[in-house]
Amino acid sequence: MILNSSTEDGIKRIQDDCPKAGRHNYIFIMIPTLYSIIFVVGLFGNSLVVIVIYFYMKLKTVASVFLLNLALADLCFLLTLPLWAVYTAMEYRWPFGNYLCKIASGSVSFNLYASVFLLTCLSIDRYLAIVHPMKSRLRRTMLVAKVTCIIIWLLAGLASLPTIIHRNVFFIENTNITVCAFHYESQNSTLPVGLGLTKNILGFLFPFLIILTSYTLIWKTLKKAYEIQKNKPRKDDIFKIILAIVLFFFFSWVPHQIFTFMDVLIQLGLIRDCKIEDIVDTAMPITICLAYFNNCLNPPFYGFLGKKFKKYFLQLLKYIPPKAKSHSNLSTKMSTLSYRPSENGNSSTKKPAPCTEVE
């Protein structure tokens, strides 16, 4: 727990009750290395996604709009990752000033909410395209997708405002270091509880339930279609993809959400054990690496589910320029089959039909 002491030169001076918590040599070596790997891999992968979707595929589908925005949100976060790598390598000494502390912290929070919201919308879009392909045609338009993305960016920015406002540079007197951190006044318990619960519920629980429900309904619909076609290998492939999407999201974010909640309890003074605080402070950067590495891999992962995305990706690697006119659409293995009403208009008689393009 950190206690307030005084304010000098515009920087609040505080005391740290557990000054050694989370400060281990292997953390100062391992975490910057992982941050560097995430930065290189994420910058490369997400940049290629932006180039392929915008210049090669011409941004013609709803799914491509969500994927493009997902990649852009990741790139915004990745640009601040070198700051966190330096910060950790310098044993949690922040040399970049208060403004960059706020910007970098806000970027992390913004990416969390924007990415999760976009993945949720992408799962809803897949649900509508596969389970209700005819009914959703008029609703799944490019205009609706673009407006939805604007709303998501605004909501993510709004959810990140408390982080930007309350994350500051502090000087810890008993360790003689300057940190970029949250600091809650002991008499104000509303703020940390609100931030923690918002991150847990709005940034994970609700989106996960929507994603789980969407892909469960998608699986049931495709399962019926494959049973009619007696295509068991294809059914198994789709099941593995859906299972991977849901499990990757869950296990990537659950550790970070758990330790975020524990960190709030520490800041509130409800946990006053330095051993527990050491565990939390040590685990937190590891869970951050896990969560945001998965985040930065999401756009390439979802993109490579489409055959045409892979085709244009290979063209890009071979330095083949995009054509002036393209009629390509982003496709995914999960949208290979959908239910369409039979020609006789009997809604109770349905047959599986190919639906390879995400519209």
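Cβ atoms are placed via backbone N, Cα and C, with glycine included.
Features of the protein shown, as given by Swiss-Prot:
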TOPO_DOM  1-25  topological domain 'Extracellular'
CARBOHYD  ASN4  N-linked glycosylation site
BINDING   GLN15, ASP17, ARG167, PHE182, HIS183, TYR184, LYS199  angiotensin II binding site
DISULFID  CYS18-CYS274  disulfide bond
TOPO_DOM  56-61  topological domain 'Cytoplasmic'
TOPO_DOM  90-98  topological domain 'Extracellular'
DISULFID  CYS101-CYS180  disulfide bond
TOPO_DOM  126-141  topological domain 'Cytoplasmic'
TOPO_DOM  166-190  topological domain 'Extracellular'
CARBOHYD  ASN176  N-linked glycosylation site
CARBOHYD  ASN188  N-linked glycosylation site
TOPO_DOM  217-239  topological domain 'Cytoplasmic'
TOPO_DOM  269-278  topological domain 'Extracellular'
TOPO_DOM  305-359  topological domain 'Cytoplasmic'
REGION    335-359  region 'Disordered'
LIPID     CYS355  S-palmitoyl cysteine
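When DSSP labels each residue, the topological domain 'Cytoplasmic' (56-61) comes out as 1 helix, 0 strand, 5 coil, counted as helix, strand and coil in that order.
Take the Cα of HIS183 (angiotensin II binding site) and measure to each of the recorded positions CYS101, ASN176, CYS274: the nearest one is CYS101.
It is 15 Å from the Cα atom of CYS18 (disulfide bond) to that of PHE182 (angiotensin II binding site). Mapped onto three states, the DSSP output places HIS183 (angiotensin II binding site) in coil. Using a 10 angstroms CA-CA radius around CYS180 (disulfide bond), the binding-site residues that qualify from GLN15, ASP17, ARG167, LYS199 are ARG167. Cα-Cα distance from GLN15 (angiotensin II binding site) to ASN176 (N-linked glycosylation site): 10 Å (rounded to the nearest whole number). A 10 Å radius around the C-alpha of ASP17 (angiotensin II binding site) takes in these recorded positions out of CYS101, ASN176, CYS274, in sequence order: CYS274. Outside the topological domain 'Extracellular' (90-98) by six or more residues, the chain places 10-11, 22-23, 28, 83, 104, 168-169, 177-180 with a CB less than 8 A from a CB of the stretch.
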